[in-house]
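> Have a look at the structure that comes next, please.
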Amino acid sequence: MRLLPLLVGFSTLLNCSYTQNCSKTTCLPNAKCEVHNGVEACFCSQGYSGNGVTICEDIDECSESSVCGDHAVCENVNGGFSCFCREGYQTATGKSQFTPNDGSYCQDIDECSESSVCGDHAVCENVNGGFSCFCREGYQTATGKSQFTPNDGSYCQESMNSNCHLEHACIAANINKTLKRIGPITEQTTLLQEIYRNSEAELSLMDIVTYIEILTESSSLLGHPNSTTSYKDAHFNSTLTEFGETINNFVERSTHKMWDQLPTNHRRLHLTKLMHTAELVTLQIAQNTQKNSQFDMNSTDLALKVFAFDSTHMKHAHPHMNVDGGYVKISPRRKAAHGTTGNVVVAFLCYKSIGPLLSSSDNFLLDTQNDNSEGKEKVISSVISASISSNPPTLYELEKITFTLSHVKLSDKHRTQCAFWNYSVDAMNNGSWSTEGCELTHSNDTHTSCRCSHLTHFAILMSSTSSIGIKDYNILTRITQLGIIISLICLAICIFTFWFFSEIQSTRTTIHKNLCCSLFLAELVFLIGININTNKLVCSIIAGLLHYFFLAAFAWMCIEGIHLYLIVVGVIYNKGFLHKNFYIFGYLSPAVVVGFSASLGYRYYGTTKVCWLSTENNFIWSFIGPACLIILVNLLAFGVIIYKVFRHTAGLKPEVSCYENIRSCARGALALLFLLGTTWIFGVLHVVHASVVTAYLFTVSNAFQGMFIFLFLCVLSRKIQEEYYRLFKNVPCCFGCLR
């Protein structure tokens with residue numbers, strides 16, 4: 001009984017908040033009746049406002065402009081509203097209709113993610129709420145416009161002015177247009193994705209040139225992350241991969257037909273810019289890594305490898321790269337720095353098919369099919385790049401770089417060389433192959449090994465003008481060195497003989513003496529300085545000295561021929577007058593030729609290969625021309641002398657058989673061949689038609705010319721034998737040999 005009041009009170013409390021259907025009150029259709037504390041009342045449904053009895057008006061939620069958020073349209077309906085994304089936008093779930101209370105919002109649709117959205121020969125540019133299509137250079141729509149949207153039925157077709165890409169003004173205009181279009185992009189990843197996406201499709205010549213310029217102009221942005229923090233491993237790898245694939249798109253084999261349309265100097269300019277930018281950006285990206293790392297990427301026509309390490313790991317780091325059957329390795333001067341801390345980045349790039357683009361031929365597509373093209377140097381290997389960036393710069397200094405590269409094709413009949421692409425950052429249009437600072441250590445038919453003292457882009461060159469194989473070339477080099485050393489010794493003995501033996505002094509020995517002096521100096525300078533090509537000024541001076549001394553030697557050979565002719569024919573001459581003119585002709589005329597040549601083309605003295613005259617603009621003929629003239633004169637004199645001597649010998653000694661006369665004349669003729677320099681005719685033949693036979697004949701006969709002169713003028717001369725006998729007769733070790 002005591003609990004009854006509590007139950008009654010609790011029941012009353014429940015009735016105050018209990019709602020039930022109305023029985024007396026009538027509400028509008030958009031309202032509902034509810035009972036509260038025993039009182040009936042009408043309430044408008046959600047989305048309506050009013051008293052529920054006489055009025056229930058729809059609430060216009062769309063009157064608040066921001067109710068659906070950005071890039072959305074609000075649509076009011078009875079009792080509510082719906083949000084619709086504008087064209088070009090959608091929610092994260094891919095829907096176009098939503099209500100904001102579920103957390104959805106509209107974001108831009110990247111229509112350009114579908115590569116074919118604009119059709120062939122077009123580039124897609126994504127913008128907020130849509131996209132635009134641009135025809136590539138050389139193409140336009142039927143209306144002549146370059147910009148369009150595909151839903152209007154437009155597409156890109158070849159322009160009537162499709163040769164515009166060959167004009168500098170057209171190239172510059174397209175570059176400026178593209179720079180203006182992507183100029184607002186200030187984020188590294190976005191810019192890289194934009195360039196990569198546009199390089200994926202089939203590229204025209206204008207596309208290649210334009211985006212190489214974009215890469216060059218944007219190298220500072222591409223090489224640095226979007227914030228001050230370092231790269232995470234995943235971001236570092238993905239960024240380098242995407243950058244490497246972008247470079248690969250510009251140099252892959254399918255683009256070679258486009259590159260062929262550019263003149264050689266323009267082709268080299270843009271390739272130099274591309275290689276320089278690739279090297280620079282790769283180093284910059286790698287400098288922002290968080291820790292010691294290594295990265296590898298291998299695409300169809302480009303391979304990339306990066307080493308990043310700090311000073312504590314230097315002694316364990318061995319930067320190297322295996323490339324297409326080859327190998328490249330960097331050796332630093334020191335592998336550990338005492339008390340110095342810092343970071344080091346080493347980057348290798350291998351361009352697998354870029355070689356033909358950098359060959360000396362104007363039409364490399366045809367040249368690659370012709371192994372016998374004259375006057376060309378062809379790249380027969382991959383082109384590799386090696387670069388170092390250390391902080392501080394002295395932390396990791398280069399001692400040498402060694403590499404072995406496989407040949408693209410066999411080169412058993414050609415000479416190979418180690419070369420690097422020599423260019424200046426301020427003058428990239430002057431890029432060319434050079435051998436300075438590089439040394440060939442080994443070569444066979446399939447591979448060549450090199451050692452260089454600097455870093456840049458390296459390759460193996462094949463000289464297609466040479467018909468001499470590597471083995472023959474090495475043998476000829478050794479023969480030349482040995483022959484010149486022996487000749488120098490023999491010429492020194494000849495000079496001593498003709499200078500100090502008073503009993504044999506005559507006009508003839510004076511000529512012999514000057515010939516031997518000129519030839520001795522020429523061969524000495526050749527032996528010491530022919531390969532000193534590291535310093536252009538020194539190399540030019542050596543080339544000038546060689547030019548003068550060899551011409552002087554030829555001049556005295558000519559004097560030998562003229563003097564012998566005068567003796568044989570029996571012309572009476574004034575010795576004093578003749579001596580004076582001999583010296584003028586022997587030493588002054590070569591000086592005039594060299595001085596005149598130097599005034600016209602001093603830059604042609606010394607080449608990147610050897611310190612000799614350049615073949616450019618036929619400058620080599622400033623030596624070959626006078627030499628050929630002297631050889632011709634001496635050949636005529638040689639013929640007359642042999643004829644006169646043979647007839648004279650046969651007339652004086654009729655009892656001597658014809659065979660003996662011929663034998664005597666043959667021995668004299670052989671002596672004259674070397675004395676008059678007529679053996680140089682083999683050199684002329686080798687220039688006209690190079691062959692292994694002419695190479696060996698020229699090398700042996702002229703490298704040993706000093707030895708032959710010593711044999712015929714000294715050893716086989718009775719007068720000089722007597723002088724040697726008198727000189728050495730009191731020397732016990734020599735007397736027995738001279739008896």
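Each residue, glycine too, has its Cβ placed from N, Cα and C.
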> Are T510 and W612 on matching sides of the membrane - judged by whether Swiss-Prot gives them the same topological domain name?
no
> Of C16, C42, C44, which cysteine does Swiss-Prot list as the disulfide partner of C27?
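The record-listed partner cysteine is C42.
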> For the candidates N15, N422, I need the one that Swiss-Prot annotates as N-linked glycosylation site.
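Among N15, N422, the one Swiss-Prot marks as N-linked glycosylation site is N422.
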> What does the DSSP secondary structure composition of the domain 'EGF-like 1' (20-57) look like, as residue counts for helix, strand and coil?
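The breakdown for the domain 'EGF-like 1' (20-57) reads 0 helix, 15 strand, 23 coil.
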> In DSSP terms, helix, strand or coil for C452 (disulfide bond)?
strand
> How big is the Cα-to-Cα gap, in Å, between C452 (disulfide bond) and C85 (disulfide bond)?
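Their Cα atoms are separated by 63 Å.
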> So what's near the topological domain 'Extracellular' (603-622) in sequence-distant terms, Cβ-Cβ under 8 Å and 6+ beyond its ends?
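Same-chain contacts beyond the flanks: 417, 433-436, 529-533, 536, 538-544, 546-547, 593, 597.
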> Taking residues 6+ outside the topological domain 'Extracellular' (535-548), which of them lie with a CB under 8 Å of any CB in it?
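Tertiary neighbours of the topological domain 'Extracellular' (535-548) are 522, 525-526, 529, 590-591, 593-594, 597-598, 602, 605-607, 611-613, 622-623.
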> Hey, how far is C156 (disulfide bond) from C118 (disulfide bond), Cα to Cα, in Å?
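That separation, Cα to Cα, works out to 9 Å.
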> Please give me the disulfide-bonded residues out of C83, C112, C124, C135 that lie within 10 Å of C118 (disulfide bond), comparing Cα atoms only.
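Hits: C112, C124, C135.
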> What is the interatomic distance between the Cα atoms of C450 (disulfide bond) and C68 (disulfide bond), given in whole Å?
69
